[in-house]
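Participant: The structure follows.
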Amino acid sequence: MGQLSGPTDPTADAGWPADRPRKGFFTDTSICIGCKACEVACKQWNDNPRDGDLELTGMSYDNTVSLGASTWRHVAFVEQGAEQIAQARRSGRALVDLGMPTVRSAAPSPAPAPAGGTPPDVAPVDTTPPDTPEFRWLMASDVCKHCTHAGCLDVCPTGALFRTEFGTVVIQPDVCNGCGTCVAGCPFGVVERRSDGTAAPTTREGQRKGEQPPVPKRGVAQKCTLCYDRLLDDEIPACAKTCPTTSIKFGDREDLVAVARERVAELHAQGMTEARLYGANDRDGVGGTGSVFLLLDEPEVYGLPPDPRVCTTDLPEMFRRATMAGVGMLAGAAIAFLAGCR
Amino acid sequence: MANADCIILMGGNMAEAHPVGFQWVTEAKARGARVIHIDPRFTRTSAVADRHIAIRAGSDVVLLGGLVNHVLTHDLYFREYVVAYTNAATLLGEDFRDTEDLGGLFSGFDPRTGDYDPSTWAYAHPDGRVESTGGEEHGASASARAAGDQHGSGGPALEHSTVLRDDTLQNPRTVFQVLRRHFSRYTPEMVRDMCGITLEEFEYLARSVTENSGRERTTCFGYATGWTQHTLGVQFIRTAAILQLLLGNVGRPGGGIMALRGHASIQGSTDIPTLFNLLPGYLPMPSAGLHDTLADYLEEVASPTQKGFWAYADTYTISLLKAWFGDAATADNDWAYDYLPRLNGPHGTYQTAMDMLADKVEGYFVLGQNPAVGSANGRQQRMAMSHLKWLVVRDLNLIESATWWKDGPEIASGELRTEDIGTEVFFLPAATHVEKAGSFTQTQRLLQWRHQAVEPPGQAESELDFFHELGRRIRERLAGSTDERDRPLLDLTWDYPLDEHGKPDPEAVLSEINGYHVTGPDAGRNLSSYTEMKADGSTACGCWIYTGVYAEGHNLAARRVPNGGAGIAQTEWGWAWPADRRILYNRASADPQGRPWSERKKYVWWDEQAGRWTGSDVPDFPVDRAPDARPDPDLGGAEALAGDDPFIMQSDGKGWLFAPTGLVDGPLPAHYEPQESPVRNALYPQQQAPARVLFPREDNLGAPSADEPGADVYPYVFTTYRLTEHHTAGGMSRWSPVLAELQPEMFCEVSPQLAAERGLETGGWATIVSPRSAIEARVLVTDRMRPLRINGREVHQVGLPYHWGVGTDAVVSGDAANDLLGVALDPNTQIQESKVASCDVVAGRRPHGEALLRLVRDYQLRAGATVGTDSARITDPARETVEPDPGDDEQGSVWHTRW
């Protein structure tokens, strides 16, 4: 029986042999060019239909708006002025000063050396803090977090969701009955049923013309599988495969987190103190995530919850209280009974 | 690019339009390189660059010229490299006059024709006379065959390579001193006033570039159509080439100027051209009257007494004719030279469209393009196609060029009625890149083989299958004809081996392109190198620069060792022309003595013991020519190359800071304003490029420029561009639901200031009006656009992606930005100016039907736009001097029509 919160190995907890490394993503948004190739590769590989109504949203270059039943990778675009950049830099630096776990752990690993330790064919890193630019355009590819403690999985009443041998969380559409409990169970708002929220089938398949295969798997919950089918064939996920700048990296989560920490340290050394990790902290509300992100601002800026918390975290407490209440009630009843007998 | 210490991306939006190639920029950046993006807009490239510098569209020569001036005045050039490897020390003839002397013109301009006679730009000749520059061709005919882009694999011909030099660079007639004087007015203040770039920004840029150049470091430039699509686009690139040569950044790892090509094989389609003026391997298409015999032609291509490998153009040409015409090509008939068509004027896409309007063209094949959406002045293109008898469109989808006759904008406006159009339109479905095998040639001249993954659906077929079958049927129909006219078709070698489905084998075509021995002991064996080619008909070769890609019958384009193998040159991935060299002119990566300039930038060097050039790449030099070799220049060809002549395709072995021949609009870059511009040229009295190609026609009116009356009717500058989510005119992306949803609607990008001025809001609609058309677009108000201060006044720029077109078949459609553009061309290349023009922007949607035509007409009338607008060859005859005097009386005549 696995734990309900805190650091753990979810693969082993799920009963898989303990020697299997947990797989995950490291999405380094500092080198994302917003090309959306991940969105397209994901849709192609997973046969996901287009969604949305083919209208310009006006939200910068983002026209798919959020993760959903048919969009399992989503690129956010955020335009910011100097004030917001300075704020992001301050808050990032504060994370270091406070010794938040994500950055503190970076300390033991050697920070990428400035001039001295650089190999001869590598230009020395310019360590002068850059001026705060007047403007920046953040791009970040979001995806299912494949949490250590996955709310969706834990609340699923049918067993449609399961923990794979790669430590990821996958929905079996042929088992799912579309009850939607997992949708509420996900602290990130990732899972969506292919429906419009009522019992009726979805209308989000595009209202205009164009060749479009019939929308499959209506009514059931949908989300990223971390390309479970590809992993079984020793292929890497479609999004990571297609990413031209290696902003999306796939691999063993442990290695990726180490790489991510090095990268944060490197950016801080360059004066980009706005850099911070998201999901790398095993002590956060979901026990850390399989998909780790390097962000350049507060998570909220990207539409991510600042302090995600899996609903099962509270289960022991709830059980304890329920038990106490039950015991109390029993005791009360017993007392009442005994008192009544008297 | 990954080896660069500084990367300047300018005239392009690499992260958005070339995202796959951008991995090398990302890698360079990870190694510590500085990346600067210079663009009118803050784009996705700017977002990941170290710095974005906003520039006014079309003012690039001012900025680059400012950098050249900065490098020269502060003595920041790489002196040893410049003296040894460029023509800086070469003396020019006495008759050359610079823009400094003539008020913005070079010597040799003829205002009646708008052409330059380049004879005064030549090098000084050792015996005092002026060097003749490869024949006496006048600028007009050179431009008519777009001679400027016939040098895609090396420079133009000089009669021979004996030049006068002053290695101290002090003689006022040295190229170096001419350059210094020419660029002296390109000051940081001029950059500020004309480009909208602050002194601080300029200083940062200049410092970044110069500190990252020299022995230890290299800077690389990357550009795309933001440089090429201007009336002086070639000169934009020339300015960067001058800067890179001065800084010693050519022929070295992490240096160079990368032409970021816009499609998978656009480089391939210039190498083996789909252009009217080229034969394979940058051999020019012969012109009627100029090249009537093979001897005339070969003399034009290259003189046998010039230096370098163009001197063997006879072997390349005759091998090409042998590949095409086989046994029918004999010494007696000049290797069937007369089978080649001849140019008798400019037959570029725009002249062809205008010929259609004049009912001179009956039929039209549209393959892999969508002129109804993708070409400038789209209305003119569509009206032109309505004059055809027949039109064949081969594409993946029913693009707008195939449907304009039923649902195009002119049907909506009432200018065309379907029942009146006599054009018979054939749509033939084409196979996609995964449904056919073949090769792509990309930016780095790398051929990459593509295997067929799946069969094409339905009737779709590959270009190879289509043209093979078309040729087969035409030849079948002509069989037995005695008409001389049919001989070239009947004598074509058309005998590719067929597979079980009767389809030709793509590798057999690659083998023919590579070349083979026709006779002799090796008959049938593939050539390994273009140096094996003979001019006696014993070799055949479809494209000399590709020789070696199929050496020994091995398809080297199909090599796919991960990361290209261990070396810095990644030599085990694909195959790079010529001769699998990954960096051109790499002899320049070593100093004149043959030693690497530095350990850090070591690439190709002279191995004293072995007596050979060696290193990480295939040396781009005669492999045993010692650095101190000084053969007699009169030997001609590769034999004449001195040990310090790295530029082996240039006729004097040197990099050209000054182009004594080869360009039709000037030997040095000079800034002129775009054809339409709200800004007065502050550099010279001359407003627009004097030798630009003009089409003063009622369907191609221009907006008044600068302070002319009516200029305020079209007060804003607009620029067109691509987005990552779509592909050019949309044929490959607007029909794909998963791409269409990512950018579903045509939009315009405006600054908050312009939005306030015109009452625009994000998500609302705007109508953009030019003298050609009016289109509507959704509005994105963004800080990524900002007004620039130019010469003391504010200039607003409007961004317009050009992916949408009017039709009913695509998943998404919309108004086409290119409908707004007029047609004015760079005379070197016949490429249109589509990156900058004038417009007005008003809130709300555009009118429809006849009301739309009225709106456009009202604007034209208010602005006073006529066919004479922007058509003067010389802006201010009082302040500009024409020299030498062309000797006629019609000087300064306006709106002279060239064609």
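Cβ atoms here come from the backbone N, Cα and C positions, even for glycine.
Automatic, uncurated: that is what TrEMBL annotation is.
Checked TrEMBL, it gives:
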BINDING   A:Cys32, A:Cys35, A:Cys38, A:Cys243  [4Fe-4S] cluster 1 binding site
BINDING   A:Cys42, A:Cys224, A:Cys227, A:Cys239  [4Fe-4S] cluster 2 binding site
BINDING   A:Cys144, A:Cys147, A:Cys152, A:Cys186  [4Fe-4S] cluster 3 binding site
DOMAIN    A:23-53  domain '4Fe-4S ferredoxin-type'
DOMAIN    A:135-166  domain '4Fe-4S ferredoxin-type'
DOMAIN    A:167-196  domain '4Fe-4S ferredoxin-type'
REGION    A:1-20  region 'Disordered'
REGION    A:197-218  region 'Disordered'
Participant: Rounded to an integer, what is the Cα-Cα distance in Å between A:Cys38 ([4Fe-4S] cluster 1 binding site) and A:Cys152 ([4Fe-4S] cluster 3 binding site)?
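Facilitator: Distance (Cα to Cα, whole Å): 24 Å.
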Participant: State the residues, same chain only, that lie 6 or more residues beyond the ends of the domain '4Fe-4S ferredoxin-type' (A:23-53) and have a CB under 8 A from a CB inside it; answer 'none' if no residue qualifies.
Facilitator: 61, 63-65, 68-75, 77, 137-143, 146, 166-168, 204-208, 212-213, 215-216, 222, 224-227, 230-231, 237-253, 256-257, 259-260, 263, 267, 272, 275, 289-296, 302
Participant: Which residues, same chain and not among A:Cys144, A:Cys147, A:Cys152, A:Cys186, have a CB within 8 angstroms of the centroid of the CB atoms at the recorded [4Fe-4S] cluster 3 site?
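Facilitator: Same chain, not in A:Cys144, A:Cys147, A:Cys152, A:Cys186, Cβ within 8 Å: A:Lys145, A:His146, A:Ala150, A:Gly151, A:Leu153, A:Val169, A:Cys182, A:Gly185, A:Pro187, A:Phe188, A:Val190, A:Val191, A:Lys223.
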Participant: Residues of the same chain, at least six outside the region 'Disordered' (A:1-20), with any C-beta under 8 angstroms of its C-beta?
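Facilitator: Sequence-distant neighbours of the region 'Disordered' (A:1-20): 148-150, 154, 162-167, 282-283, 285, 287-288, 310, 312-313, 315-316.
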Participant: Could you check the binding-site residues A:Cys35, A:Cys42, A:Cys239 and tell me which sit with their Cβ under 8 Å of a chain B Cβ?
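Facilitator: Sorted by position along the sequence, the hits are A:Cys35.
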Participant: What does the structure give for the C-alpha distance between A:Cys239 ([4Fe-4S] cluster 2 binding site) and A:Cys35 ([4Fe-4S] cluster 1 binding site)? Integer Å is fine.
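Facilitator: So the alpha carbons of A:Cys239 ([4Fe-4S] cluster 2 binding site) and A:Cys35 ([4Fe-4S] cluster 1 binding site) sit roughly 12 Å from each other.
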Participant: Neighbourhood of the [4Fe-4S] cluster 2 site (A:Cys42, A:Cys224, A:Cys227, A:Cys239): other residues with Cβ within 8 Å of the Cβ centroid, in order?
Facilitator: A:Cys38, A:Ala41, A:Trp45, A:Asn46, A:Trp72, A:Arg73, A:Val143, A:Thr225, A:Leu226, A:Pro237, A:Ala238, A:Ala240
Participant: For A:Cys144 ([4Fe-4S] cluster 3 binding site), which of the binding-site residues A:Cys35, A:Cys42, A:Cys224, A:Cys227, A:Cys243 has the nearest Cα in space?
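Facilitator: For A:Cys144 ([4Fe-4S] cluster 3 binding site), the spatially nearest of the binding-site residues is A:Cys224.
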Participant: Can you tell me how far the Cα of A:Cys147 ([4Fe-4S] cluster 3 binding site) sits from the Cα of A:Cys224 ([4Fe-4S] cluster 2 binding site), in Å?
Facilitator: 12
Participant: With DSSP assignments reduced to helix, strand and coil, which class does A:Cys239 ([4Fe-4S] cluster 2 binding site) get?
Facilitator: helix
Participant: Of the residues in the domain '4Fe-4S ferredoxin-type' (A:23-53), how many are helix, strand and coil by DSSP?
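Facilitator: Taking each residue of the domain '4Fe-4S ferredoxin-type' (A:23-53) in turn, the totals are 13 helix, 6 strand, 12 coil.
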Participant: Please report the Cα separation of A:Cys152 ([4Fe-4S] cluster 3 binding site) and A:Cys35 ([4Fe-4S] cluster 1 binding site) in Å, rounded to an integer.
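Facilitator: Rounded to the nearest whole number, the Cα-Cα distance is 30 Å.
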Participant: In angstrom units, rounded to an integer, how far apart are the Cα atoms of A:Cys32 ([4Fe-4S] cluster 1 binding site) and A:Cys42 ([4Fe-4S] cluster 2 binding site)?
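Facilitator: Between the alpha carbons of A:Cys32 ([4Fe-4S] cluster 1 binding site) and A:Cys42 ([4Fe-4S] cluster 2 binding site) there are 16 Å.
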Participant: Have a look at the binding-site residues A:Cys35, A:Cys186, A:Cys243 and say which one has the shortest Cα distance to A:Cys42 ([4Fe-4S] cluster 2 binding site).
Facilitator: A:Cys243
Participant: May I have the DSSP-based helix, strand and coil counts for the residues of the domain '4Fe-4S ferredoxin-type' (A:167-196)?
Facilitator: 5 helix, 6 strand, 19 coil
